[in-house]
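Taken verbatim from Swiss-Prot:
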REGION    41-137  region 'RESP18 homology domain'
DISULFID  C59-C68  disulfide bond
REGION    118-179  region 'Disordered'
COMPBIAS  148-158  compositional bias 'Polar residues'
REGION    293-330  region 'Disordered'
REGION    399-420  region 'Disordered'
REGION    453-579  region 'Sufficient for dimerization of proICA512'
REGION    605-736  region 'Sufficient for dimerization of proICA512'
TOPO_DOM  605-983  topological domain 'Cytoplasmic'
REGION    648-684  region 'Disordered'
DOMAIN    713-973  domain 'Tyrosine-protein phosphatase'
CROSSLNK  K758  SUMO cross-link
Amino acid sequence: MRRPRRPGGPAGCGGSEGSGGLRLLVCLLLLSGRPGGCSAISAHGCLFDRRLCSHLEVCIQDGLFGQCQAGVGQARPLLQVTSPVLQRLQGVLRQLMSQGLSWHDDLTQYVISQEMERIPRLRPPEPHPRDRSGSVPRRAGPAGELLSQGNPTGSSPAVQGLSRPPGDGNGAGVGSPLSSLQAELLPPLLEHLLMPPQPPHPSLTYEPALLQPYLFQQFGSRDGSRGSESASGVVGHLAKAEDPVLFSRSLSKAILGTHSGHSFGDLTGPSPAQLFQDSGLLYMAQELPVPGRARAPRLPEEGGSSRAEDSSEGHEEEVLGGHGEKSPPQAVQADVSLQRLAAVLAGYGVELRQLTPEQLSTLLTLLQLLPKGTGRHLGGAVNGGADVKKTIEEQMQRGDTADARPPTPLLPGHPTASSTSIKVRQVLSPGFPEPPKTSSPLGISAVLLEKKSPLGQSQPTVVGQPSARPSAEEYGYIVTDQKPLSLVAGVKLLEILAEHVHMTSGSFINISVVGPAVTFRIRHNEQNLSLADVTQQAGLVKSELEAQTGLQILQTGVGQREESAAVLPRQAHGISPMRSLLLTLVALAGVAGLLVALAVALCMRHHSKQRDKERLAALGPEGAHGDTTFEYQDLCRQHMATKSLFNRAEGQPEPSRVSSVSSQFSDAAQASPSSHSSTPSWCEEPAQANMDISTGHMILAYMEDHLRNRDRLAKEWQALCAYQAEPNTCATAQGEGNIKKNRHPDFLPYDHARIKLKVESSPSRSDYINASPIIEHDPRMPAYIATQGPLSHTIADFWQMVWESGCTVIVMLTPLVEDGVKQCDRYWPDEGSSLYHVYEVNLVSEHIWCEDFLVRSFYLKNVQTQETRTLTQFHFLSWPAEGTPASTRPLLDFRRKVNKCYRGRSCPIIVHCSDGAGRTGTYILIDMVLNRMAKGVKEIDIAATLEHVRDQRPGLVRSKDQFEFALTAVAEEVNAILKALPQ
């Protein structure tokens, strides 16, 4: 988005904003500017903001900020950028930034364009006369012109004694043009070498924030640390004559980040330190072409192994043979060098004889750089005038356009070796000239050669193949889990690896990223480490590398780079066979676990179906197998044959109802099992014989139909839930004085069906208690009293209800505490006696019948009337609050014990759980239905029975599971009675 034009813009000099210095600068620029204003000026700064150029323009590299031009056919401006120029531009940018201006502002564009006009320009390159295509530029001018004809005006003994530079093997000689990088760097270098020394300039500081976006986009770092490190590496190379480190291929980055000067008006030239850096740039821009030839393996050295040398490290191999071509004569090379040196010095009006030996030595070292890099342009070249629009990011990624080597046939068994990725090539130090390269015909026998290393060491090699056949290049690789792997992350990984193997980061060359892997090569180093050694060390320190980089290293090794830029692994160190085996075992265990879980689920489902079938088979003849059917039919025949022997219970005289509880327990015929018995007998007492077998058959068929037809059971339960009792008011229970006596507000007694206490005997002077009488058939005699678990302040009311109703049996269906929630308060003493209002309760005994229930005996006394009674509490322990017991057998056995104690009583049974609804209603429903069947009732309707009891207390049997449990319990009891019939 373009910012609005500010008052201090080009329209005038009287803006109210900004400092006085900036306004004065703008006024001076306006007075000295062109009449056309800034409308005709192309935008500057597209390297920092790509939005400055329209879709019809491209951003070209001008060595500073980038300039928008319409099309790529125009010549690139050649600016003679020096340190004073950079200092001037830096000050202007700082002033513009302090005013809050951006590249989009017209004032910024106008000021920058005026400053760019003041920078000296170099003449555009002219095509070389010998170049047919004319695509290779040649720089002309007094500082950079190379003359290919004529002899030097003179020669001095110092010149004759200088060592001659070698040829590059490609025919680059007298007429070799300079690259754009050389053309820009040679003039200030020569000026420094030939002119008198200047006083040292004060060091200037450069603020990276001014070019922070550019540094971040190109270097992958916001502080530009990589560029500065590279520049310092070049200076160190020139000082120590060591191997150069990787350097940026962009001239503008290094110049903008490192140039310094005195002032804009002082054009005496850059500082000596800067010239050394520029010479490092010039050196790094060179690239030695790699001819196609076979790589010779090195003979084993003492104490070391034989390692294959890298053919791209710039080391030339010398092949000796009887039919080889001889190198050019040394005299011809000397003439060529002297001609080139004289041509360069002629532009300065200096002759060779006027130079000192030190100056000649320095110039000769610089001259050795001139033939290299022929026809190459930093930042990418325009081939054949192709109209291709490139952004600066694409140019910086491509860098130097690599020469495509024609495919050559390889030896049998060797893969094709060609590299399609852009790589940074390293060359020899200029202090160690390369031997001339010769060719060898086919069929030559292997001979020992002396190959010069960068450190000047002589290393024997064996050449056994023709030099015209190159072999595949070997690369070290590290495969990570990040795909694609960024170049910044790959370089960081190699820097950390260099620290672990005690190498410098400059030892890694030809760094590139292929998918999740980073590939590299190793130059000669002091540790004499090869690619295999470095990759092996990377595998050993894999954990440290992963911890420091955050990447997971999957594989390391050495391989050959193919045309697809893929790496053929030769040696793997990342994943050990033990780890692979462990991962395989874990995967197999997971699959086996899934299969086992599936099998268990299927078995459980099959077992559930089988259990249902067995239950149906046990309930009636239709669902039973053949043996059960025959047994059932035989049972029916025996029952019909002996029917006269069994009379109905109505014809028999009822036993006396005045026997006490103590007599029941003292009767020897009815003695209970041992107190420590854990599994009570199922048929402990004889089943009653007054059930008609036809009635039992009808009941079993009814239960079987319910168990088979789940939909019918669901519909029946829905109808029960929709049933509403009439009347159903609970005004008394909701009264102000009675609401606190209720444990659960949803389960209250109806006004027409509630237990009323005597007010004169009640400690609270109220007749209310949360209890409901449940009538079976006689309204004058309720069979049950359904009540809630007593609260701490209603225990006295509970014992008053027990005393006034004459109850002798209490059925408790809940534990005192369940899952940390109190279900009922203890209303009896732990031991001894306790007084509740006027009722004294003594604990006589506590009989643990089994793990599911226990029996307690109490002695109850009214201290006012001195009357005493005995009563029994049956406490069932294994019934969860929101569910049902795991089996019906413990509850049915519990019911038998209760009825055995209650037999012959005319008083109601007090049944309570926590809320007096769910478990209480389920027990009452089961007991009422079974009692009716025992009395010989022909028709049984369990749903109608539940509606009958719900008319007297709401919420009895709270869930469908409890209703189904009641049906199952009734069916089990009927089946037990039929099995107990005499044979």
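Cβ atoms here come from the backbone N, Cα and C positions, even for glycine.
For the pair C59 (disulfide bond) and K758 (SUMO cross-link), the Cα-Cα distance reads 106 Å. The distance from the Cα of C68 (disulfide bond) to the Cα of K758 (SUMO cross-link) comes to 107 Å. In this structure, K758 (SUMO cross-link) belongs to neither helix nor strand by DSSP; it is coil.
Looking at C59, C68, the disulfide-bonded residues in this record, the fewest other C-beta atoms within 10 angstroms of the C-beta turn up around C68. The Cβ of the residue listed as 'SUMO cross-link' has D767, Q800, E804 as same-chain neighbours under 8 Å, each 6 or more residues away in sequence.
The average pLDDT computed for the domain 'Tyrosine-protein phosphatase' (713-973) is 91.
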